[in-house]
Amino acid sequence: MINTHVKLPGLDLKNPIMPASGTFGFGDVPAAKKFNLNDLGAMVIKTTTPHSTTGNPQPQIAVLNTGVLNSVGLTNPGVDAVIKDKLTPLRSEYPNLPIMASVGGEDEAGYLEVAKKLSDSGLVNALEINVSCPNVNQGGMSFGVHPDVVEELTKKIKSLVKIPIYVKLTPNVTDITQIAKAAENGGADGLSLINTLLGMEIDVETRKPVLGHNIGGLSGEAVKPIAIRMVHQVRESTTLPIIGMGGISSAKDVIEFILAGANAVAVGTAHFKDSLASKHIADDLPKELEKLGITDINQLVNKVNFN
């Protein structure tokens, strides 16, 4: 029997697979209705802000040969509507599924409001603090590139909420370990990494960027080596649990992230090619572990053999 069970603060995962925030919306998008979400370790909902946001100008998504460039911009109906109209029915449908809510805001007060309301709702098991979204003009990555800001925000959120918090790190920094340490110093219970890399694609005929927002976040297979490297670097700098993400499309990719130091993973862009990607990866994981002679996935955490 292969053990894929992973226990993290607030998240008791039957397997280490979850959808990256935004991938399955609030559990209400078509892809999330194609299978039982209980087949995954957890559900991560789309980033929630204090008030409704409409996102960035269209087009918001460009599919590239090696990934996806997006500038969606945290579209959501606002925290009160999310709790009432999204999380309440999701929790009713999945009473035992670990749910992580992603927290966003334009300023510190916004982050604190959303975090407290989501925590007090009793509907989620943990919070992911999104200080790394590159597609908003205020908040998001503007918070996540400054260690002192990350530490202070983490500390204030931690003092307000009753559930574990995971800080989502941006790769758009010189040294991601400084941000990781700042989150740890602020009291974070875990880390999520990486968010998307800033990128741009230009249509040579119109001479215009392909995205309405001009610049977007790059995800998918092109970023996987960067994500693996950063997970390793962060693992070397902290003992906090890590949820790794960035270009995962197979069970082998999951194992690679675990070897680099992640405890669990999130799957995002792979769903553009296969709407059931996370389920297929979860189903394949025990088979891949068996091939390697591994009986417990936790045995592989940070077990890369360096040259």
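In case you wondered, yes, glycine gets a Cβ from its N, Cα and C as well.
Some features that Swiss-Prot has for this protein:
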ACT_SITE  Cys133  active site, nucleophile
BINDING   Ser21, Lys46, Thr47, Asn130, Lys168, Ile194, Gly220, Gly246, Gly247, Gly268, Thr269  FMN binding site
BINDING   Lys46, Asn70, Ser71, Val72, Gly73, Leu74, Asn130, Asn195, Thr196  substrate binding site
Distance, Lys168 (FMN binding site) to Asn130 (substrate binding site) (CA atoms, angstrom):
5
Return only the integer: C-alpha distance in Å from Gly73 (substrate binding site) to Gly220 (FMN binding site).
18
What is the interatomic distance between the Cα atoms of Thr47 (FMN binding site) and Ser71 (substrate binding site), given in whole Å?
14
Check the Cα distances from Ser21 (FMN binding site) to each of the binding-site residues Lys46, Ser71, Thr196 and keep only the ones within 10 Å.
Lys46
Give me the non-local Cβ neighbours of Thr269 (FMN binding site): same chain, 6+ apart in sequence, Cβ-Cβ under 8 Å, ordered along the sequence.
Gly67, Val68, Ser219, Gly220, Glu221, Gly247, Ser249
Sort Lys168 (FMN binding site) into helix, strand or coil using the DSSP assignment.
strand
In the three-state scheme derived from DSSP, which category covers Asn130 (substrate binding site)?
strand
Can you tell me whether DSSP puts Thr269 (FMN binding site) in helix, strand or coil?
helix
To the nearest whole angstrom, what is the C-alpha distance linking Ser71 (substrate binding site) and Lys168 (FMN binding site)?
18
What is the biggest Cα to Cα gap, in Å, among Lys46, Asn70, Ser71, Val72, Gly73, Leu74, Asn130, Asn195, Thr196, the residues listed as binding substrate?
16
